[in-house]
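K.L.:
Take a look at the following structure, please.
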Amino acid sequence: MPFTLGQRWISDTESELGLGTVVAVDARTVTLLFPSTGENRLYARSDSPVTRVMFNPGDTITSHDGWQMQVEEVKEENGLLTYIGTRLDTEESGVALREVFLDSKLVFSKPQDRLFAGQIDRMDRFALRYRARKYSSEQFRMPYSGLRGQRTSLIPHQLNIAHDVGRRHAPRVLLADEVGLGKTIEAGMILHQQLLSGAAERVLIIVPETLQHQWLVEMLRRFNLRFALFDDERYAEAQHDAYNPFDTEQLVICSLDFARRSKQRLEHLCEAEWDLLVVDEAHHLVWSEDAPSREYQAIEQLAEHVPGVLLLTATPEQLGMESHFARLRLLDPNRFHDFAQFVEEQKNYRPVADAVAMLLAGNKLSNDELNMLGEMIGEQDIEPLLQAANSDSEDAQSARQELVSMLMDRHGTSRVLFRNTRNGVKGFPKRELHTIKLPLPTQYQTAIKVSGIMGARKSAEDRARDMLYPERIYQEFEGDNATWWNFDPRVEWLMGYLTSHRSQKVLVICAKAATALQLEQVLREREGIRAAVFHEGMSIIERDRAAAWFAEEDTGAQVLLCSEIGSEGRNFQFASHMVMFDLPFNPDLLEQRIGRLDRIGQAHDIQIHVPYLEKTAQSVLVRWYHEGLDAFEHTCPTGRTIYDSVYNGLINYLASPDQTEGFDDLIKNCREQHEALKAQLEQGRDRLLEIHSNGGEKAQALAESIEEQDDDTNLIAFAMNLFDIIGINQDDRGDNMIVLTPSDHMLVPDFPGLSEDGITITFDREVALAREDAQFITWEHPLIRNGLDLILSGDTGSSTISLLKNKALPVGTLLVELIYVVEAQAPKQLQLNRFLPPTPVRMLLDKNGNNLAAQVEFETFNRQLNAVNRHTGSKLVNAVQQDVHAILQLGEAQIEKSARALIDAARNEADEKLSAELSRLEALRAVNPNIRDDELTAIESNRQQVMESLDQAGWRLDALRLIVVTHQ
């Protein structure tokens, strides 16, 4: 095309320069000025990488003065264009705008504009964009969205609770599973769903101080949720950045002590507009009707301000009725306002539980029993279902299940309380204790004697703590460099045990980090034993590396030496041998230690080895834990209660372990108390609640469907393609692991989620569970979500041109592949994507407007096409521009029908589902007061807003590909 002064052109290679103007032309070169950047470019006339900018009738253009005009006619005179049309601001018609006065800051965002302006993408980017649209739309429609992305085993009861609660509006529930059943994971799953769907954006987690890092690690490692830890220092820093320091972060963890210590701080927390509040160890919030504790009042104040509340607590049976009522009162003070009334209500649930047991037993029901069930459910048309349940037909079982669901919906606290017990959940290993009694070395005997004389004024508790760790008493006198490990028989025993069990992974836990470090040195220097160390002085990354080394099967560490605090929140269920080098001070810590291995999914029985020194507090404690509480070989829900009741007596025996008079009686009393309390807990078990919390076959089916999704090969292919196009290096490390590192030619200089040093990823859930240094990649992982955003929020792949070698079609035959997106705009919390996610509609049109998309599948067609370089592509586009315009108009006429069908289907689905949920809850409200008014109001409001948003839904062209047939 000839160049003329004043013409407007755009650079094919530097589109960011905007619109250029021809300012000089000679026989061989042309010079363009780009006014928006003030830069000049000199090109060869014969082969310049620039494209002539020509607008068509119907386009909207902007003048350099900022006003806009709709083009109605285009005139050309001496190679220069003049556009004639109507100004949009003044509605003046017949206005002429010469091309030299076009706005230079021109950005082509519509696919067709980019194509005609020569901004042609690589063919593989177009394919990636379409796949991104397709897979993204499919993922939103998955019924278990938000439950697949976490690095956890697929345990049915956890998935059941998370699926139920995570989909509610502002859930307010009590999670009261027995220890080891994964309350933290359930809470994390609920958070993950709520954050992913947009139902929540700001979350506050309040935990005891010692558990802050555990939660921080769990949320990051398992759910890719990056929380900020607020303490006094962080709070003071944040005060410089915002009036309310908590407004500086969306996801916050702080301790209960931190929250209640300062009145101003608590006010700031209450004013920070959280969507969800999570409180761990909520059973420690002391309450009585007359004197609630300050901690309880602080949480009560917060719970009044935050719409969603999750309380993690001990089981109701352990808490006692009053304490259990106090937790429920935090969730719904209007419903749970009278303790006496609550006690009476609980008694009335017994017949319901009996009715459920009766239905599940499968026996024929008498007429009286059928009548009782009918009255309890209170539905007018319940008779056919009752008859079906009592028949011999194939439908009897499903009818009984439906009746059980109806009963559970209508009675009890099942909407606000979830509690699973080990009795009701399969998959736990046995625990076997091996105690090793060892002589007390003379060096320790001397140190203990001297310490007793010098510390005569110490309290019994301090002396008891000292006596648990004789090596520390010895070091106090001999200095930190004292080589206690040279004579401590526990060290000798440990080395012997490890060398004779070389093939076993062994977890060794001791109270202090210093002990772990000293043991590592001894094992390495004396026996060449590979041991990783894990303690609170290490960063999270260092701990990850240590855990990963321990997890490696062949070349990894045989031993992981953990300190008490360092191992919090970490699970190593691939190991089944544990050595307690010393013993913790209370039963909760003991259970926490064993809980590192005793998890659902543990494949072997757990071997617990306790080498202890006679005539020390260890020998007292090992007997009390084992004979008094049976705490080594079984979980001990009674431990804390008994510990508190015999504390003073126990402390005296620990402080003076040589004075054992009456100790046998103490153990006997504790065992009797333990058995009585256990029987009491068992009797008080709420079977109705157990059935509801467990989820039964429904939960099993949910786990299986997610497991099937884990094997989705589309994800792996898409992710690799995505990483290639973004410019991320991939290095296959074997064992289903890949290392990703940034390259020098990335689409964006800093890709979120990819550190400078790179990351290790896996698509295999089992590998991710065993290797904490490998990130588990699913459709829900931030790396994939950020990649989808990067591709879909920009114009990557939105316009391209390809050649189709097909001798059955005439040379030069034109096809245009159009990707439309049907979507509705709405606030994220409406979760409109459940019904109408941005949905791609593909068309493949010929010159006559025939849509061949149904006959020609995308991937098959894509494999038949060949790429065209940008320069040749620009020439092709210019040659067929008028034809492409005509095909685009035919596409616009056809998309309306397809889009309307999608929108109508979404409206019907939304109306049906949301109306049904509202009707169900309104019906239940009459018989179950645990359904909150605000929940009903929210569902009705949500339904109205969803329907209004769907009424406003529309469509747009997202990408197009021009295909030209060739025979070469």
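Note that the numbers count up from 1, one per residue, in the order the chain is shown.
Note: Cβ is positioned from N, Cα and C throughout, glycine not excepted.
Owing to the predicted nature of the structure, the values given are computational and were not obtained by experimental measurement.
Sharing the feature lines straight out of Swiss-Prot:
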- D177, E178, V179, G180, L181, G182, K183, T184: ATP binding site (BINDING)
- 164-334: domain 'Helicase ATP-binding' (DOMAIN)
- 490-662: domain 'Helicase C-terminal' (DOMAIN)
- 280-283: motif 'DEAH box' (MOTIF)
K.L.:
Secondary structure at G182 (ATP binding site) (DSSP, helix/strand/coil)?
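P.N.:
For G182 (ATP binding site) - judged by DSSP and reduced to three states - the answer is coil.
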K.L.:
Given the recorded ATP site (D177, E178, V179, G180, L181, G182, K183, T184), which additional residues of the same chain have their Cβ within 8 Å of the Cβ centre, ordered by sequence?
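P.N.:
Those within range, site residues removed, are E186, N420.
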K.L.:
Have a look around V179 (ATP binding site) and count the other CB atoms within 10 A of its CB, chains all included.
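P.N.:
A 10 Å sphere around the Cβ of V179 (ATP binding site) contains 20 other Cβ atoms.
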K.L.:
Among all protein chains shown, how many Cβ atoms are found within 10 Å of the Cβ of L181 (ATP binding site), not counting that one?
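P.N.:
Neighbour count, Cβ to Cβ under the 10 Å cut-off: 26.
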K.L.:
On a simple 10 Å Cβ count over all chains shown, which one of the binding-site residues D177, E178 is most densely packed?
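P.N.:
For the binding-site residues D177, E178, the Cβ with the most other Cβ atoms within 10 Å is D177.
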K.L.:
Residues with Cβ closer than 8 Å to the Cβ of G180 (ATP binding site), same chain and 6+ apart in sequence?
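P.N.:
Once residues fewer than 6 apart are set aside, G180 (ATP binding site) is near R422, F428, E591, G595, D598, R599, I600, T635.
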K.L.:
With the cut-off set at 10 Å between Cβ atoms, which of these binding-site residues ends up with the most neighbours? Options: G182, T184.
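P.N.:
Result of the Cβ crowding comparison: G182.
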K.L.:
Are there any residues in the same chain, six or more apart in sequence, whose C-beta is under 8 angstroms from the C-beta of K183 (ATP binding site), and if so which?
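P.N.:
Once residues fewer than 6 apart are set aside, K183 (ATP binding site) is near L175, A176, D177, D280, L312.
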K.L.:
Determine how many residues of the motif 'DEAH box' (280-283) DSSP places in helix, in strand and in coil.
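P.N.:
Split into helix, strand and coil, the motif 'DEAH box' (280-283) gives 2 helix, 0 strand, 2 coil.
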K.L.:
So what pLDDT does the domain 'Helicase C-terminal' (490-662) average out to?
P.N.:
88
